[in-house]
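Per TrEMBL, the features are:
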- 179-251: domain 'DUF1736' (DOMAIN)
- 364-397: repeat 'TPR' (REPEAT)
- 398-431: repeat 'TPR' (REPEAT)
- 432-465: repeat 'TPR' (REPEAT)
- 466-499: repeat 'TPR' (REPEAT)
- 534-567: repeat 'TPR' (REPEAT)
- 568-601: repeat 'TPR' (REPEAT)
- 90-108: transmembrane segment (TRANSMEM)
- 114-133: transmembrane segment (TRANSMEM)
- 204-221: transmembrane segment (TRANSMEM)
- 241-258: transmembrane segment (TRANSMEM)
- 270-291: transmembrane segment (TRANSMEM)
- 298-315: transmembrane segment (TRANSMEM)
- 321-341: transmembrane segment (TRANSMEM)
């Protein structure tokens, strides 16, 4: 109400009015950003979902910094008029330039930040120059000279902002590679509608949903794509009522802003509409296609205009001050309660994903992320249900097919896993992860030729794919193609030097084929890169033991046991080393430790019995 009262007081000097307006705007934006707890979007790779909390999470700093520099740019522009005594004829070019620099900083954080230039221009025209927009438009339509309505210096300031804005757009255009990003129908289905009428209708419905989120931020979701908002496909859809309602409200506000006899009301409503609409324009699909249906973060800046209009409306609709205070207090309590609930939902992926099920039950990505979270926590049975629902809602959802196929592969349901993964690569032929997983399943089904081709397809679409080279090496090893297996594993280690499994398999394969010298060299090379990898130490120790380098072998076994003291196989093989070395008491000790950790260890029981017989013979032969 402080803002509305300032506008009603005709005696307040314009520079002071500008300062109060700017400071209250900053306060209202900060308050709404805190209260509404707007969410972000998800970023996806082959099988992961990375949560980006746009309010409390560090990854949300871009939107928050954009809002900060946006408001600082506006405050700085207001400061440009504080030097004059009357605030009409003097302004500081330096402060205008600082405002442009802060605008550039806001745009570098988020492209939406450049819209502050429109806010500054509207502020200048409406509050500094006190221009009657309706009269100005009438003069333009009647081709009369409108310059006598504009105060001296306005054209200079608008020219500076226009040149600055064009420079920023050109820089951004060059950074983007002279082309806009590409989006799919899943990201923004309305923008792909063939009928332009339906496209416009659905865009307007999105505006209604954004307006509702400003008014009542209760239904919040981390992602609004993939069928979360069903398209309006005919004029008889009941949701058309919301379009008529929002345009009635907007037309009413615009008519009051242009035609009201009260100059303060005109300026307040016009500035409120500008603050509401201009920051939202980049997300409106009017100038270019955006990559989302609804993105709650884009309402950060528009919330300033919403707060201004709400404060002004409450001031005129409520004639009793106490009643107004009660209404505002109740609204704040509701928002604070919603903020607390939403913050609690953001505490874990499980609660966040689950909360979206009631808001967007038709969103396949919501079901995918719930299933992914359940799978990560080991509940594969429940994860399968959500993955199946994601595929049902979006039959071409290749990521859900890939993850579902992986779970089915682990459950040994190989036939269905192969069908799902084959369908995924048919839909998206360059899906490298699905090709690799398909190769693993085909290998398990002993379809070796098909598996090899799948692996090579994966590598063709992702040149640097060490895991695929590793699996390809396993395929070759199963076929006794030892040279090809070694080459594949060597490629894996070249692409990913810390690939422990590839190093270890090379040592084991060379050991099994009798190439002990080469196995030793590979093992030592691996340990230079992975000095604390106990599996490579174990394999190298076995090789050194066969080469009768008992001391070095013992050192590696003991080092491996310090890292992983409960490795039964390591105790058993160390016992074999001591057995060969003639240190029978130490061999007996480690045989017993190995059997204690794993009573069913293959060969350990037989070796232990052999040692016991040898010890008994030594005791009997000792006088």
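Cβ coordinates are placed from backbone N, Cα and C, and glycine is handled just like the others.
Heads up, TrEMBL stuff is auto-annotated, nobody curated it.
Across the repeat 'TPR' (432-465), the DSSP tally of helix, strand and coil residues reads 27 helix, 0 strand, 7 coil.
When averaged over the repeat 'TPR' (534-567), pLDDT in the model lands at 94. With a threshold of 8 Å between CB atoms, the same-chain residues lying at least 6 positions outside the repeat 'TPR' (432-465) that come near it are 46-47, 398, 401-402, 405-406, 409, 414-415, 417-418, 421-422, 424-425, 471-472, 474-475, 478-479, 495.
Across 241-258, 270-291, 298-315, stretch 270-291 shows the highest tally of CB pairs under 8 A with the transmembrane segment (114-133). Taken residue by residue, the repeat 'TPR' (466-499) breaks down under DSSP into 27 helix, 0 strand, 7 coil.
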